[in-house]
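Pasting a structure below so you can have a look.
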Amino acid sequence: MCRIAGAPRTLLPLLAALLQASVEASGEIALCKTGFPEDVYSAVLSKDVHEGQPLLNVKFSNCNGKRKVQYESSEPADFKVDEDGMVYAVRSFPLSSEHAKFLIYAQDKETQEKWQVAVKLSLKPTLPEESVKESTEVEEIVFPRQLGKHSGHLQRQKRDWVIPPINLPENSRGPFPQELVRIRSDRDKNLSLRYSVTGPGADQPPTGIFIINPISGQLSVTKPLDREQIARFHLRAHAVDINGNQVENPIDIVINVIDMNDNRPEFLHQVWNGTVPEGSKPGTYVMTVTAIDADDPNALNGMLRYRILSQAPSTPSPNMFTINNETGDIITVAAGLDREKVQQYTLIIQATDMEGNPTYGLSNTATAIITVTDVNDNPPEFTAMTFYGEVPENRVDVIVANLTVTDKDQPHTPAWNAVYRISGGDPTGRFAIQTDPNSNDGLVTVVKPIDFETNRMFVLTVAAENQVPLAKGIQHPPQSTATVSVTVIDVNENPYFAPNPKIIRQEEGLHAGTMLTTFTAQDPDRYMQQNIRYTKLSDPANWLKIDPVNGQITTIAILDRESPNVKNNIYNATFLASDNGIPPMSGTGTLQIYLLDINDNAPQVLPQEAETCETPDPNSINITALDYDIDPNAGPFAFDLPLSPVNIKRNWTITRLNGDFAQLNLKIKFLEAGIYEVPIIITDSGNPPKSNISILRVKVCQCDSNGDCTDVDRIVGAGLGTGAIIAILLCIIILLILVLMFVVWMKRRDKERQAKQLLIDPEDDVRDNILKYDEEGGGEEDQDYDLSQLQQPDTVEPDAIKPVGIRRMDERPIHAEPQYPVRSAAPHPGDIGDFINEGLKAADNDPTAPPYDSLLVFDYEGSGSTAGSLSSLNSSSSGGEQDYDYLNDWGPRFKKLADMYGGGDD
């Protein structure tokens, strides 16, 4: 390869492109011959050929590029040829002389013209192992002599030997065990020695690889070694006498495993993916492929070189890419990448060790798929110069036309997506264009209503461009233009009233049959001959009617401003106008009648009921007037009393306070309590004025000093009736009964609690030798006892300090017993006298009561009791010689008692 001295590295891609252009130009001038350019294709292979292994590439010259050639092998069972001329192994086989030569046929599918070429395969020779020294002579390693005494003289020790490592090639074929070296001590002449080796590969994992003859010291290897597993072994040799005493210091032996080219390069990925933009210049980086070799990377066995075996497709040039043979970087070397023509390239990449030596190196292949990415080098183009559409008038959100464009760029990318805009013909903005994201079409849509009577047709100028600008250097205009002709279709429109609403002013009180106004509608369809008829749609008070032909509105009742259907002096009525088109359409209009007030309502007294005291002092009645008319037909008002009956003016007097209020007072000093109806004449200020006699109901009652009524009727009038009073009393009685029942229940519970304190709680009786019974039999025969001695000690001195908790009454307290004076006091309500009497009564009346000699339970009764010893407990002999074995027959409940008195062990 020649090199231009002094050329900067930045000019190398340019020089490569110029060189390629010159080569292509010269190739076009030279005469092209269709067929195989070589007579024989040869390849050097290893002995074992694997299935699918690429062997070589046969080139076929297709001058015009239009021939469709089909390849065929003369040995189809062993070899096949791909469309790009790459020869593959169909099956795995060892390479021999029968596979050394075969033919490749190429045939034109259209003309049936046929060509052939010979292929010769040769076996790769075995790499000579000059570095491995195989000698029949076994090297001897002697232990270095130590410092010691010999014949009474000191001898000088030699310096430590530097024992060179032993080089052993991997994958040796033996025979095994294979002798490596002999280890010997110079003392073996005088002593019987034993030799051994230690370390990984000997007595440590992996064990058994190296062995030594203990007598001769011969070190041997027992199996082939693999450098990729262990590249170096470090052993130590030992020499001892027959008693196991160390004779020599251990020496180190290093065994290096020499690498052989026994591993093919392996790509990190079998398929590599990369991208390159279309239109990229030569020298553009694409991707990097990487392979690894398990052999020694510092030797030729692990030094890899890359190359491109094939490129598919081969357009526009069969060498669009190149690869750096050392780094694996793939770059472009030719111009003309066009995604619209070729979207993807497939490269077969080969990695070979031995620095790429095709004779001795091992190879492997991988696939590099390079995708040509899109750039915006094609603007959108309309498929037609003019598009047509139509739309009914007054319709919005209607698609009137679909604008179609073509774009050769990659679909659904910013370089393909079209953006439409209206550049002319729509000054009022009645149309808009949206892009269909799936089809990329432009949808012309009406966004504002269109009136046929105003515009019958629109001619729009539209433009389309991509979302991103065109790439630099593209010789196309950035946008495409077209026209859209939109026809407006006339439809039957609704009639409309004008003005709407229509407001008129009329006085109230107009008689029926009065013509108010003419309320007509207009038909916007000027080019349609249609008639309009009118009907009443809404008339809350039913005061109006409309002529169906001319729209005259006439009253059918008297208009009253004070009607509840009149709001803020305005009465609303709605009318409907319908045409006879197809389909018929209608419109509504509202007539608002502003009613002017007239003095047609007499004033009334307010309030209509009042109360006052029997005497003129201390209060009066304030009154006013209510008039449904408005000014000037309302206040100020004039208040007066009628002349008859005569007692009205005799008993009452009225005083005007201002134009709206007056005050009614008693004229006499006393008026009997009761209800009186006082007529009052009220006159408004209308023209002419309107008067009215209004009745005021006055309640005269007895009053207190504050002027408030004090009779019962006032309570009733306040809203508290007899039923409510009875209900309140019943609730109070029920509440008192509940409180009383609760008090009784609490007292009864306290009494029961005091009675239960006299009994022994079964849970508190933890003694195993005494059982508590509810019935105590006949009790004591001696009935002469003092009940005062049976009172509880707590009842004698209530102020005494009581211990915390519940004290058992049937056991002696553990603290010092207080001395209580003997006194004949009346039995305390809390004593147990009643309890004993009830027990005696039950025993006398019950013939089945237990005998007197039964076990009884007594509560602790305090000291100072006058009662003697309990005869029922002393009736039996207290001697210890009695037989208590019968207690064992009483069952498990008496087991503890039987153990205590029956002479048990425990």
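The backbone N, Cα and C atoms fix where each Cβ goes, glycine too.
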Pick the one from Asp84, Asp108, Asp252, Asp262 that Swiss-Prot also lists for the Ca(2+) 1 site with Glu170, Asp226, Glu228.
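Between Asp84, Asp108, Asp252, Asp262, Swiss-Prot records just one in the Ca(2+) 1 site with Glu170, Asp226, Glu228, namely Asp262.
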If you check Swiss-Prot for N-linked glycosylation site, which of Asn622, Asn874 comes up?
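Among Asn622, Asn874, the one Swiss-Prot marks as N-linked glycosylation site is Asn622.
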Pick from 599-620, 863-884: which stretch is listed in Swiss-Prot under region 'Disordered'?
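Per Swiss-Prot, the stretch marked region 'Disordered' is 863-884.
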Where the distance is taken from Cα to Cα, which of the recorded positions Asp293, Asn325, Asn572 turns out closest to Asn273 (N-linked glycosylation site)?
Asn325
State the mean pLDDT for the topological domain 'Cytoplasmic' (746-906).
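58, rounded to a whole number.
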Taking the centroid of the Cβ atoms of Asn261, Asn263, Asp293, Asn301, Asp353 as the Ca(2+) 3 site, which other residues of that chain lie with their Cβ within 8 Å of it, listed in sequence order?
Asp259, Asp262, Arg264, Pro265, Ala294, Asp295, Asp296, Leu300, Gly302, Met354, Gly361, Leu362
I need to check the long-range neighbours of the transmembrane segment (725-745): which residues 6 or more away from its ends have a CB within less than 8 Å of a CB in the stretch?
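Distal contacts: none.
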Specify the nearest of the glycosylation sites Asn190, Asn402, Asn572, Asn622 to Asn301 (Ca(2+) 3 binding site), where nearness means the distance between Cα atoms.
Asn190
For a three-state summary based on DSSP, what are the helix, strand and coil counts in the domain 'Cadherin 1' (160-267)?
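The composition, in the requested order, is 4 helix, 51 strand, 53 coil.
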For the domain 'Cadherin 3' (383-497), what are the DSSP-based totals of helix, strand and coil residues?
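Tallying H, G and I as helix, E and B as strand, the rest coil: 0 helix, 53 strand, 62 coil.
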Return the member of Asn261, Asn325, Asn651, Asn692 nearest to Asn402 (N-linked glycosylation site) in space, with distance defined Cα to Cα and candidates limited to these recorded positions.
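For Asn402 (N-linked glycosylation site), the closest Cα among Asn261, Asn325, Asn651, Asn692 is found at Asn325.
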Report the nearest neighbour of Asn651 (N-linked glycosylation site) in space among the binding-site residues Asn261, Asn263, Asp293, Asp353, comparing Cα positions.
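Nearest listed residue in space: Asp293.
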Work out how many Å separate Asn692 (N-linked glycosylation site) and Asn263 (Ca(2+) 3 binding site) at their Cα atoms, rounded off.
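Cα-Cα, rounded: 130 Å.
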